[in-house]
Amino acid sequence: MAEIELKTAPADFRFPTTNQTRHCFTRYIEYHKCLNAKGEDAAECQKFARYYRSLCPVEWVERWNEQRENGTFPGPL
């Protein structure tokens, strides 16, 4: 059986406090900007997906996904 390697987002000095809310939001935006720029199949975007998934609560991501679909997302995509 293959080993599973668990990782989280690396330290980002733009977010020095223990409150990682902004870090989560920024990584989510970076992921979607990358997809918009490079396409849905871009492998280099997957690191951003791993980062935001390890930092963000699932409820937030679900709400943001709904907002993106409705055109009401508050961030710059």
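Placement of Cβ uses the backbone N, Cα and C atoms for every residue, glycine included.
Just so you know, TrEMBL annotations are computer predictions that nobody has curated.
Per TrEMBL, the feature disulfide bond maps to Cys24-Cys56 (among others).
Of all Cβ atoms in the shown protein chains, 17 besides its own fall within 10 Å of the Cβ of Cys34 (disulfide bond). What TrEMBL lists as disulfide bond is Cys34-Cys45 (among others).
Neighbour density for Cys56 (disulfide bond): within 10 A of its CB lie 20 other CB atoms from the protein chains shown. The 10 Å shell around the Cβ of Cys45 (disulfide bond) contains 19 further Cβ atoms across the protein chains shown.
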